[in-house]
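Engineer: Pulled these from Swiss-Prot:
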- Ser759: active site, charge relay system (ACT_SITE)
- Asp836: active site, charge relay system (ACT_SITE)
- His869: active site, charge relay system (ACT_SITE)
- 36-62: compositional bias 'Basic and acidic residues' (COMPBIAS)
- Asn354: N-linked glycosylation site (CARBOHYD)
- Asn576: N-linked glycosylation site (CARBOHYD)
- Asn818: N-linked glycosylation site (CARBOHYD)
- 1-81: region 'Disordered' (REGION)
- 1-93: topological domain 'Cytoplasmic' (TOPO_DOM)
- 115-934: topological domain 'Vacuolar' (TOPO_DOM)
- 94-114: transmembrane segment (TRANSMEM)
Amino acid sequence: MAPPFTDDPESQRPSTSRLSQDSLSSVSTTSLVFDRIQEEMDRDPSSSRSARRDLLSATKDEGDYEDASETGAFLGQPGVPLQRQPMDRGFRRILIIIGAVFVGAWLAGLGVFVLSGSYRHESDSEHDPDAISRGSGKAVTMDQVFGGFWSAKSRSISWIADPDGGDGLLLEVGTANGYLVVEDVRADKQGTDTTSRQTADTQPAKPRVLMKDPYFMYNGEIKRPEWNEPSPDLKKVLLAVNLEKNWRHSFQATYFILHVETAQIQPLVPDNVNAKVQLANWSPKSDAISFTMDNNIYIRRLNQANDVVQITKDGGPEYFYGIPDWVYEEEVLAGRSATWWSDDGNYLAFLRTNETAVPEYAIEYYIQRPSGKKPAVGEEAYPEIRKIKYPKPGAHNPVVDVQYYDVSKGDVFSISAPDEFPDKDRIISNVLWAGNKVLLKQSNRVGDFLKVILVDPSERKAKIVNSINIAEIDGGWFEISHTMTYIPADPSKGRQQDGYVDTVIHEGYEHIGYFTPIDNPKPIMLTSGSWEVEDAPSAVDLDNNLVYFVATKESSIQRHVYSVKLDGSNLTPLTNTSSEGYYAVSFSSRSGFALLSYQGPKIPYQKVISTPSIPIEFSRTIEDNAGLADKAKKHELPILKYGTLQLPNGISVNYLERRPPHFNPKKKYPILFQQYSGPKSQTVTKKFAVNFQSYVASSLGYLVVTIDPRGTGFLGRQHRVVVRSQLGVLEAQDHIAAAKHYSSLPYVDPSRLAIWGWSYGGFQTLKTLEVDAGDTFSYGMAVAPVTDWRFYDSIYTERYMRLPQDNAAGYDASAVHNATALGMSKRFLIMHGSADDNVHFQNSLKLLDYLDLARIENYDVHVFPDSDHGIAFHGANRMVYDSKSEFSVLFSWILSPMLTLSGLNNWLVNAFNGEWLKIADPKPIDTKKRRHVS
């Protein structure tokens, strides 16, 4: 389950009186007058009326009516002239001296005010995420967050292999030289060249223009490509037009082939120009393209005119070839391709998926018609129904196996290994060509037993080379990843036999192991320690036996880039580990160059650097986000406080506390707890982000706290796997313990604590409210929540919960079903899209039924018609966060505050303002009294 990308409007900030010793701009003469009046009133309550009266009289125009009650005794009676008495000279001299001192002090203060620049609503200093206070600037607004105002600019480099054996080539789109251009990264002049030292034999390669214009003509029609993939020899380009989105990653489109030298265009499917193709991939030799159409797999051979070979023939609604079905796309492959060419182009491996026994789930569309088909006459009023093969826990999974196509012989075959998992208990997560062999990873359906299988297609044999019982190791599960990398033998480089590098469990943490020979079940450990690698390896330099990876070695909430030798020696950072940082990285085809993306905690930037793999020194900043830095100076961003919280239950969790820009420890603040909490997820990081949480802290003036409870990632396996078979239960305990800790702090209002989340975070919100039963949290907001894990997909759920048949008590304990306990909170909000193909609307409806049965009424619901898990149809995403309309603005003073309950922003403000308590027990107005008053 991946959180949707969502990854906010101006709201009135609560006014607070603050006295700053550093800025005269924070105190006006008027405020001092009011303070003085208030002091006198506090001393003598009887004077309050006259003080107010004097202030009022000072604002009246001449000729305003004054009644006798507005005159004081010292003024004399109306109509009686005032009797003036001469002032003592000594007293007058003292007053003059005091006045002169006051004027001098005022002028001095004015000079300091002007010279210090305190009148400017910005800071001249660089954004400091560790600052303990903020300057006088603008608040973060919801419009800024939704409009991309705070989005860091970044360049996505598409590294591309050099057919001539070089390195550092990238594919640029929309350059001055042409629409598709292959450039040498060293020749890119769009950045600041900070360091560049290279020899004559390492000079940048000349650019190659693959496509001049951003469109092409075919049969007299202008077509604009929406996707492209150059052939490995860079002589042709696959172009896709008319994309139609399917699921999270997949789409179908019409494909064309561009011949670079002649600019000739031809359709991928010669006899069906407008064919809708689901996937197309180049062969390594650039002489063929495999593609899937109507769930069957084909090969288009380019060395023969109009030569299309259909490899499979039984593809259709229940059989998929070369592409994943819904659950494999979402939970296993995390992509749209299930086709793998051998390095020599002689074999094509592809996944066959049999969904015959998988139950269907129907999704109704009330507004739109995703199929694009017009309803039959007379049936226009009926919703369109889309049926998805969606396996739920305990139901039939799709049956998958890998098939192979021998290009020279033209035959298709399967290869089974002795003792591999049976059809009903098999998940295939990895397919990797290792020379002329294939490495497969299979696990059982609950994901706690892994088998690595080595397949030899030429001999048509397979054997299991490694079996890992993860349930026996730590009681947890196998984490799916797609970074396993083949290491070919090269005696000249000290590699006597083939092998591979992969992430393995080592002493309670995830580290990198090197398996050689390739059938050796015991790896050479390249990393170790009380820290973890992430999606490792990032790249492998075969020329220098170097493995590059990203890890949490410095801190669990930071990411730095490192290299290590294949023998486990010489672990070296590529990034500056003496300074806090969260880096992402991508490498060129031969690992000689890297795109470093610094993502925080300071303003993000990107630079291309040379690596230890090449003998030159190169560094160029390609994005410094100077504009974002300037915005940060001019705005009051939240104060960020990171740390480790020791909970009473003995558990340590990372936390992030976002404080209002002018945090006052003497005030009492409400807290919004924001979280996701899913297995191996991480929300507390050192990334720079200005988002909805930032808006809440900056503009609404609330505290926003996030913790990563047990079950989340990068604190070791034991911290993570302890939640197995009982999702949500321990996490709820941790959130409640954290909230109780905060409730005890002097600057927190314990009566105003709320929690919110989306997807898994929505589930965790409701589960926490249920377990807490109103003891700690008063409010909660859940978006697209799971409420019973029996309703989610099988592959994700069973990995953490096992089968319902084997863990019925665990499923019951995890489900949100105690409506009475849930109703003990002051109020909660549920939001869901009716066409959610991921977390079905069924989840929220089941919970609503529990609430009806228990007669619980202190909640609100907002359903978004035809929205999926991201809730975006017809502008719904903005509505999730803020639903204030012109109608509600104009008439909210007449109507109930229920009018603006739907958006998270408005709902939260109503909650912390106590509005929901006012309507908790509504009473009818006495009509007799109303008539009497009128």
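Every residue gets a Cβ built from N, Cα and C, even glycine.
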Engineer: Which of the recorded positions Asn354, Asn576, Ser759, Asn818 has its Cα closest in space to the Cα of Asp836 (active site, charge relay system)?
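Structural biologist: Smallest Cα separation from Asp836 (active site, charge relay system) among Asn354, Asn576, Ser759, Asn818: Ser759.
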Engineer: Which one is it: of the recorded positions Asn576, Ser759, which Cβ has the fewest other Cβ atoms within 10 Å in this structure?
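Structural biologist: It is Asn576 that, of the recorded positions Asn576, Ser759, has the fewest other Cβ atoms within 10 Å.
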Engineer: For Asn354 (N-linked glycosylation site), which residues in the same chain are close in space, meaning a Cβ under 8 Å from its Cβ, but six or more apart along the sequence?
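Structural biologist: For Asn354 (N-linked glycosylation site), the qualifying residues are Glu318, Tyr319, Pro398, Val399, Val400.
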Engineer: Using a 10 Å cut-off on CB atoms, tell me which of the recorded positions Asn818, Asp836, His869 is the least crowded.
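Structural biologist: Looking at the recorded positions Asn818, Asp836, His869, the Cβ with the fewest others within 10 Å is that of Asn818.
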Engineer: From the recorded positions Asn576, Ser759, Asn818, pick the residue whose C-alpha lies nearest to the C-alpha of His869 (active site, charge relay system).
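Structural biologist: Checked the recorded positions Asn576, Ser759, Asn818; minimum Cα distance to His869 (active site, charge relay system) goes to Ser759.
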Engineer: How long is the line from the C-alpha of Ser759 (active site, charge relay system) to the C-alpha of Asn818 (N-linked glycosylation site), rounded to the nearest angstrom?
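Structural biologist: Answer for this pair: 20 Å between alpha carbons.
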Engineer: Given Asn818 (N-linked glycosylation site) and Asn576 (N-linked glycosylation site), what distance in Å do their CA atoms have, once rounded to a whole number?
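Structural biologist: Checking the Cα atoms of Asn818 (N-linked glycosylation site) and Asn576 (N-linked glycosylation site) gives a distance of 50 Å.
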Engineer: Using DSSP reduced to three states, classify Asp836 (active site, charge relay system) as helix, strand or coil.
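Structural biologist: SS state of Asp836 (active site, charge relay system) = coil.
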